[in-house]
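A short write-up of the structure that comes next.
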């Protein structure tokens, strides 16, 4: 479209401020001119003259909007120029938005015209447009446009009926062509001839409406009283011509003053206002609104389809209640597509959401809150989908895409066909007997070629020329095509299969595969390794038979004898018989596997679940029956038959020794001549460490002795019964566990009977604290010096490899009386924690006594000083004492001091005296021995040292009679000048003790001690250091006697405080070797206070039941005791009363608020006043809960707190607890659907045990809408009394898994269930 040459800036930009002012001025002038001279022709709505002769439509060039139509004549030369220069006559022509909207105009939102004119012009215009080109007209009928209102002003005097003439014929009559300027041909509408037209306005003016020009209620200048008195002013609208004109543009009112610009200055950025704002829509109300209503369904897409859909629904459920959610799946594959629809529903107010949320509001909040957000790592899009059309469109798009993908095959995965053979060319293939390849690679045409290429870019994987001609000296392995068919895809699989071997390349031709290696020593090694490992192994369904050539084709002779196969293209030779047989076996195996699979499929198809379940149950019952017969019938019968007690008569009949029938057999030691011991273990040569750590009985250990290879080979160290030859010396080392059982080696080396030695070993470590044993060892080590290399622990690994050349001398056995004395002496040490003087345990015969007292290998001390630290030892005693000492002697010429002396009986002392009578020694030897004996005597008393360091029961220790004093007896005969009181001529007992003597502080007063018998205080102070008691010695002694008097039944102070049967020896000698064993209740009842109480109560009830409750005195005493306990329980302390008064005011306030709900009141009171309770070990079962103060009846004690779970979850947890080994589960049922689980999350109330006569009860109360479990007191509960209540399990009489009840009350039912 071309524009006129005279177009100005104002024509192209009519909305400019200056152009607006000019156009307003022109309109005022035209209005004044029109009023001065009234028009002779009718005016259109734009103020133009409308001639009735002929009309046409054309676009004006004066800057009017494209929607405005100007009525001009068909003579373009005259009217066009006049219209182009004529200014507009009305205000409606000023701006595009001010024109009267007709059919085809812009939106009604962009116009400020009156709705009256719009309605009056739109109806006839549409009527004329509907009959366009359908009615006839003559030459007098004008043509008009669909948007022109000028046809409305036609004279009403033209009344002509329409003729039935075609539009084409009418055009010929009028001499008009249907094609006019521009697009006006489409809007030409011939009016019917003589049609009576309705005028747009009624010629007679009428009142259209009434306008309020003044409203006193809106006048801010008037007061309230004046507003009531004043009356509004109304004006009729429609009587004047000005009322027909559209209202003026309010934006032009301030054009001259403010230079109006169409912007909003109240915002930070100038915002262009194109149209007036629309009214706010009314909120949706289902009662009054019409239509479907706002959307309640949304579409969510873009999330990961692999995540759990519950995560998506959980996120969107935060905006409102979800009525329905659908995660869309592919209808054919069943895979999720990554988009879903969620429909909301109206939510009711809840505790978490007190305000109800309508469904449409929840959907709107979800769209606003989640659109563009991320779910995990993916950004999602959320939009409304009220009818599911969007989701349906997405589903159709996915299905269409999948169909297109399935219909058009992918070129990347398309298997290309190989080159077709030339005419007359025959391509050799595998022989008929060769194994067939996979079905995907078999030829479809029968006689077609046998291989294809997987990738078109590698068409020459299978080489046409023989490869063997190109291989010179490189080592290679040949795999013939008879074993593995030649196919291009097999080369890649073979490379992956043999990638662990260093080959250079794998090439293939029609004869087979060539695995080529590097021409070096490394390459030949790799080829050999590959041949040895992969030859004749399975390769898919084939057997990969290899032929190794280490030096290629021109090198040395290869290992293959079938080289001709490399030069032949298609060898007709059949495989060797062994390979053919192997192939047949593989084929049969594959056929059998196929038959088995087919049978499995048939079984699965015809499977009957009932029969299969019955078969499984039958099989399990058979296994259970066999297991029951084996464990319940067979094993007990075999054990009863093999019990040695049942065969005692038969052993006596056959004269078989009954020594092995006891529980702990004796260990018989061999002598020095090399006779082996008859006692041994089945695995006596096993690792000594394993034998040490295993749970083996002492009776199974074998004590070995070495032959004497020289007495001086190993002078200092232990005589280990398990020691072997020690070729080398070892580093000074001593393990710590030796200190825990320091006397075990002494007893075994002395040849004591194993039965009694085991008892002594197990008693000593149990009765002595570990700290005391360790401290004694340390003190002895400090006195004797540092450790020597020859000392070693007998139970370490390195000790078995060291050389031990020392010879053990003969062992002697103690008789029963002597061992009984030793045990009695040890028992006294246990009770008083004091060490008594040495009593030698050996009982030598007359010949051995002479040998034992002969000093051999001991140098005489110089000058015969009596205070020398040298002591003469017999040879045998020296050797045995050397093995018994906890520390060795640092020097060979200086014998060590004994840390712990051997204990002897009176009989042994007497026999030694007799032996010493027969031996006459020099005076200096006897003086030295006597001095050593005195020093040893001084070293033994530990009681006073214990009292100085603060031991709980320090007791001074007497000196009984030692070897040193015994050696003084012969001195009287050789030296008559000695004191006859000290050295009498006849042997008399130095200290005569009664048979019932018990070592105690009270009995020490009755023992006559000599002046030299007292301990050396300076030496003890130098050895142990000084310490102080926390009180006076007499006060300590008085407390000790008082404690003994209160804890004894008869009030005696002689008996020590102890529990009978508390110290139980371990059968193996050490608690660590016992492993884990359950302590019986019978043993717990000896030392646990609660068990003792329960045991006494049970015995008392049994006694009363046996006597028929005839003891009225005891019953009265029991009733009095219960009454006293009740009074004590009812009485509260003053502090408790003060605390009770403190809450009186608050309790009254709560009572007013809660009314009669006493349980809630007491529960709130329990929160602030919890009863002090504690948990401790219980006599009933494991842990129990105890009251720390007196509790009155009906008092609320504690709440049962735990995790609240559903019934189904509780059943699963109970099974899991039993399976995991927890055993005790703390599940408390509130109702049929709720269970409190306090097993892993809970309070101490879960430790309350069951009792058939409980003192508490459990009640379920409702607090703030939730159910709580609270424990009440059934009766008055005394302090330190255990809290119990009845579990109320359902009775399962006849069940095999009933739970025994351990409450021990008089009304005990025996079982919980």
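Keep in mind that glycine also has a Cβ here, set from the backbone N, Cα and C atoms.
Residue 1287 (S-adenosyl-L-methionine binding site) falls outside any helix or strand according to DSSP and counts as coil. Swiss-Prot lists 1287 with the feature S-adenosyl-L-methionine binding site.
Here Swiss-Prot flags 702-716 (among others) as compositional bias 'Basic residues'.
Residues or ranges marked as compositional bias 'Basic residues' in Swiss-Prot: 895-907 (among others).
Nonlocal intrachain contacts for the domain 'Post-SET' (1297-1313), taken as residues 6+ away from its ends with a CB within less than 8 angstroms of a stretch CB, comprise 1094, 1097-1098, 1101, 1179-1181, 1249-1253, 1284, 1287, 1289-1291. Annotation comment: Swiss-Prot describes 1297-1313 as domain 'Post-SET'.
What Swiss-Prot lists as motif 'RxxxRR motif' is 1137-1142.
When DSSP labels each residue, the domain 'Post-SET' (1297-1313) comes out as 0 helix, 2 strand, 15 coil, counted as helix, strand and coil in that order.
Summarising the environment of residue 1287 (S-adenosyl-L-methionine binding site), the number of other Cβ atoms within 10 Å of its Cβ, over all protein chains shown, is 17. Averaged over the domain 'Post-SET' (1297-1313), the predicted model has a pLDDT of 83.
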